[in-house]
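Chemist: Take a look at what Swiss-Prot says about it:
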DOMAIN    8-286  domain 'tr-type G'
BINDING   17-24, 81-85, 135-138  GTP binding site
């Protein structure tokens, strides 16, 4: 079966936004206009196609990025819907990894929200070109130009309107296309916004349209590679429509500008013009920088994997989902070559052979079986045994490992227990499946209490996973109080000698090490240096020393929390010809490391959350007072659409139950968002409390 669309006619895009910007509605409309959807699904009544899990429909927020395929103007558009809630940034992160372009949806009233900043940062990290869609232009308080200003000041982006709105709020009629210099006005009819007509620009907006067209042309002519446009522009020559379109595309793909469009998905205006922009300005796989990787057998050998149909198969698994009917679905993005159903591939990340059962293309929840999937396409594979998120699947003939994704460590834990003994085994299986789908969700058993502990990125994240356990796996669970994931570190540098010697008839044990233990840079975790000269400790025992230190890192000296950011150098020691062995050196290192840490002024670290509260001015004092009581540090205060914005760093330990407290303190008029930011040392009095509680 040949390709349905040429590689250069494929667009892989994500639709990203904060909660309530109207992202799911926008995706629904796109599916409707591209002919995939017969009846428009509304989030308001919980029937949107992309929100395919029951809880998403109930909560009206999108949790998992469902992938779907549609067609517009002869181009194939693969859409990945990404969640807007901050507890699910991991989902956004993994979808950004496999996209070539993105549509950032902003609410014309709410503008740039804290979640938008997180998504924008991820977009920049992965170099994903974007188009902005300013949605909800029909709402009271809508202001297209305020959103443009916020993108510039708060996100440090370079927004360039390629359309401007005709009217706003109740009078929003359509947009002016600044490339063609025509007005596009939607009919007020029953055909769900399918009918619009092109007319001349209204006289009262002509001057504004000319001014914004000037700005647009100026922005694109400043970009490297568009010098010919700059020359024509400076000499006062008219640029042709094709030249402007090519200029906008080059500037967008080069991450120099972000074209802005406007509309209201709910009222079916502006979605077709957004699709036109996606097809015209976002890159095909062939127009993106090729993905880098390393060879499986030699991690130092960097290779470049271009997007092409020829060459050996290479793809990245970016999402795992459990489907009630077909079992495990592994979503992959193919970068090179093609893949046939029934064939064998190599998982180079795990060095395992996998058999491809079926290949399906998803349309939100409906699926279509296909025989083959090609470069640049996104699809789901059934029947993989070993593959998890972030693994590379490739051909046996060219074992390449594509760039790995980085996943954040969980910051919050709760104990879960099945309501009945009979559910114990079912719960174990359910949690294992959920953990396979979501790398930011961890499950372990507490050795002391025997309880099952689940950890994730926030209260909502864990709530939803417990809820899914109940719905999808029919396991009822009791959930304990949330626990904070503390860490431990040291503040001083120490040199520590430790000799482990055991003589007991027959063979003894002997290991002797000198370690320098010092605080590492933030975020480095555990770093080990071997500076043994002249074989005072034989080479084969060095890994045992490293292992002894690394394993001890998981159990700190103050309260048994994992340690981080510690730098260890092994610089001297001695051994015994007969009695030395790996175990002895491992124990010497472990005990020496522990003893050294006790002398190095150990400290407890806690996760600090970046919190943003939007609050009416009357309640501002109460909110700030409350944040201070929670050991918060207020970092900034500002205004947004008539409300006050308070930014602060607050310890996670103080944020449990905050939503209820904030609601009652402000009569439900304030909203907040929070995300993990960094670890910081806890004050002495808090540290003493934590140690007392942990050590009973």
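Backbone N, Cα and C atoms are what each Cβ position is placed from, and that goes for glycine too.
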Chemist: For residue 17 (GTP binding site), what is the secondary structure by DSSP, using just helix, strand and coil?
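Modeler: In three-state terms, residue 17 (GTP binding site) counts as strand.
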Chemist: Including all protein chains displayed, how many Cβ atoms other than that of residue 17 (GTP binding site) lie within 10 Å of its Cβ?
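Modeler: 28, counting other Cβ atoms within 10 Å of residue 17 (GTP binding site).
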Chemist: Just to be sure I understand the packing, how many Cβ atoms besides its own are within 10 Å of the Cβ of residue 137 (GTP binding site)?
Modeler: 29
